[in-house]
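**Student:** Features from Swiss-Prot:
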type: TRANSMEM; residues: 10-30; note: transmembrane segment
type: TRANSMEM; residues: 41-61; note: transmembrane segment
type: TRANSMEM; residues: 82-102; note: transmembrane segment
type: TRANSMEM; residues: 105-125; note: transmembrane segment
type: TRANSMEM; residues: 154-174; note: transmembrane segment
Amino acid sequence: MAELLMKAKLTFMIVVGGVLQGLGMSLFLFPHDIPTGGAAGIAVLLHYLFQIPHGFSVWAVNVSMLFTALKWLEMRTFTGTLASITVTSVSVLIFDAVFPDITSNLWLDLASGAVLLGLGIGLLYKYKISNGGFGALALMISIYRGGNPGTILLIMNCIIFMVTASIIDWGIVIQALICQVISTRVIDFIYNIRLTSLPYLTPMYRHKK
């Protein structure tokens with residue numbers, strides 16, 4: 001019974017974290033082509049160039065990276081991350097369809113989107129679930145090398161949104177930087193809050209042979 005309750009709690013956290021990310025990206029950041037780094041940054045670029053829906057791109061890029069890292073991940077970690085990716089991507093697709101182009105204030109949207117993004121990712125990290133391919137890498141580096149995962153994610157994301165901005169518009173670089181700084185602070189804040197732990201959710205990674 002106790003294990004069932006813990007699994008239910010984990011599922012709830014994955015859904016909440018994924019929906020928060022999808023809400024922040026779809027309603028506040030993607031309408032302004034603000035790259036959030038990682039798969040979402042690539043999704044912005046693909047939508048700009050080929051009009052591919054953000055949700056599909058976010059899912060495809062993240063899952064591709066996740067399968068690439070499969071040999072380092074235990075199946076439990078892999079399935080949890082896959083679930084969070086799917087919830088986020090579906091949320092983006094739903095919010096894009098239900099609330100198309102409802103935003104107008106760039107800086108208010110930027111702040112709102114960054115906070116929601118940070119809350120979603122931070123909540124997933126807190127329960128040892130990655131938010132995607134880049135998130136899995138940041139979490140692994142944090143575990144094995146030390147440091148806050150949000151800061152590590154910031155460094156990797158900077159590379160992605162610099163490439164994206166060079167193609168779309170260099171003006172979004174400042175917006176992306178501000179988004180990353182805000183969301184990183186929120187991620188680290190949530191990650192370091194003492195919450196009820198789930199004992200069986202210790203991150204599982206395979207040792208190199």
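Note that Cβ sites are derived from N, Cα and C of the backbone, with glycine treated the same way.
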**Student:** Going through 10-30, 82-102, 105-125, 154-174 one by one, which has the most CB pairs that fall under 8 Å from the transmembrane segment (41-61)?
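**Tutor:** The listed stretch sharing the most Cβ pairs with the transmembrane segment (41-61) is 82-102.
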**Student:** Could you tell me what the rest of the chain brings near the transmembrane segment (105-125), counting residues at least six beyond its ends with Cβ under 8 Å?
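**Tutor:** That would be 13-14, 16-25, 27-29, 31-32, 34, 36, 84, 88, 131, 135, 139, 149-150, 153, 175, 178-180, 182-191.
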**Student:** By Cβ distance under 8 Å, which residues at least 6 away from the ends of the transmembrane segment (10-30) in the same chain are close to it?
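**Tutor:** For the transmembrane segment (10-30), the sequence-distant neighbours (Cβ-Cβ under 8 Å, at least 6 residues beyond its ends) are 36, 40, 43-44, 47, 54-55, 58, 80, 83-92, 94-96, 99, 102-103, 109-110, 112-117, 119-121, 123-124, 126-127, 129, 131, 179, 198, 201.
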